[in-house]
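For reference, TrEMBL has these:
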{"type": "BINDING", "residues": "ASP29, GLU216", "note": "Mg(2+) binding site"}
{"type": "ACT_SITE", "residues": "ASP29", "note": "active site"}
{"type": "BINDING", "residues": "30-34, ARG42, HIS46, 74-76, TRP78, ARG80, ARG197, 203-205", "note": "substrate binding site"}
{"type": "ACT_SITE", "residues": "ASN77", "note": "active site, proton acceptor"}
Amino acid sequence: MTAKHFALQALPTDLVQERMPRHVAVIMDGNGRWAKQRGLPRIMGHRRGVDVLKRLLRCCRDWGVEALTAYAFSTENWGRPTEEVEFLMALFERVLRQELREMMEEDVQIRFVGNLEMLPRSLQAEIDRAVSETKNNRGIHFTVATNYGGRQEIVQACQAIAAQVQAGTLQPDQIDEAMFEQHLYTHGICDPDLLIRTSGEMRISNFLLWQMAYAEIYVTNTLWPDFDREEFHQALISYQQRERRFGKVL
Ligand code: IPE
Ligand code: IPE
Ligand code: MG
């Protein structure tokens, strides 16, 4: 660990600190295409994608973004070839084990959203360890969506609320947006202000459906393994030029 790791990168002068998004969410797409373009197996794209995420996390912390959420594996991604799914699960586990020390040093608080019970047991154990060891860190809130599906999240919240109604501890008219939110995986995390999707796809692929209600969306054609600090800078410039109206007339 060198002191270089801790040298904060200053905010580019064309960005305004007061207009920075509090919460950035990313759909890290295009790993497979990046590898294919180079005649490499898809997994090489995923491997490189991890380094890109690490750098983005550090950049967010340096530039004063409070929270970063990354879509690592969707509920639909189980439909990929078994070798790719197994590689991803092993990759997540290895990265968590290897990066825990640096996350502590860089004051990162990690959490996971998604249906974690379906993940391999050894990965669940690494997740539990990383979440509990970093829980008091305050440098940046880093959320990883793993076996995450927005519809699944909403359905499990409905089930939990319906069980309370059935038990007689809750009246239907007590259900409102605020209480519903408490049953989502993301409770306690503010909604994303900016959603970035790489590789040019204009869709949200079941990511944070509830939470994305008023997120600003930025799509770049760059594939995730090529997404760098300058690309993030461009996304932030675009974000800072938007007028967020939230349905009102300004
Ligand atoms: C995103 O890259 C990573 C995951 C979904 C895990 P892809 O693997 O979807 O890459 P493309 O879209 O096939 O290029
Ligand atoms: C979204 O990417 C999921 C993740 C980035 C983890 P996909 O590649 O799975 O999405 P689609 O299939 O293009 O919608
Ligand atoms: Mg994809």
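A Cβ is built for glycine as well, from the same backbone N, Cα and C atoms used for every other residue.
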By Cα-Cα distance, the member of recorded positions ASP29, ASN77, GLU216 nearest HIS46 (substrate binding site):
ASP29
In Å, rounded, how far does the Cα of ARG197 (substrate binding site) sit from the Cα of ASP29 (Mg(2+) binding site)?
7
Return the residues near TRP78 (substrate binding site) by Cβ distance under 8 Å, restricted to its own chain and a separation of at least 6 in sequence.
VAL85, ASN147
With an 8 Å cut-off on Cβ-Cβ distance and a minimum sequence separation of at least 6, pull the same-chain contacts of THR75 (substrate binding site), or say none.
GLY114, ASN115, ASN147, TYR148, GLY149, ARG151, GLN152, ASN206
Spatial neighbours of GLY30 (substrate binding site) that are distant in sequence (at least 6 apart) but have CB under 8 A:
GLY45, THR198, SER199, GLY200, THR222, LEU223, TRP224, PRO225
Roughly how many Å separate the Cα of GLY32 (substrate binding site) from that of ASN77 (active site, proton acceptor), to the nearest whole number?
13
Do you know which of the recorded positions ASP29, HIS46, ASN77, TRP78 end up with C-beta under 6 Å from ligand 3?
ASP29
Please list, in sequence order, those binding-site residues from GLY30, ILE204, GLU216 with the Cβ less than 6 Å from ligand 1.
GLY30
So for the residue listed as 'active site, proton acceptor', how many other CB atoms are inside 10 Å of its CB?
17
How many other Cβ atoms sit within 10 Å of the Cβ of ASP29 (Mg(2+) binding site)?
21
Anything from the binding-site residues ASP29, THR75, TRP78, ARG197 with its Cβ under 6 A from ligand 2? List those in sequence order.
ASP29
Determine, from DSSP, whether ARG197 (substrate binding site) sits in helix, strand or coil.
strand
Using DSSP with the three-state reduction, classify TRP78 (substrate binding site) as helix, strand or coil.
helix
Minimum Cβ neighbour count within 10 Å among the binding-site residues GLY32, TRP34, ARG197, ILE204: which residue?
ILE204
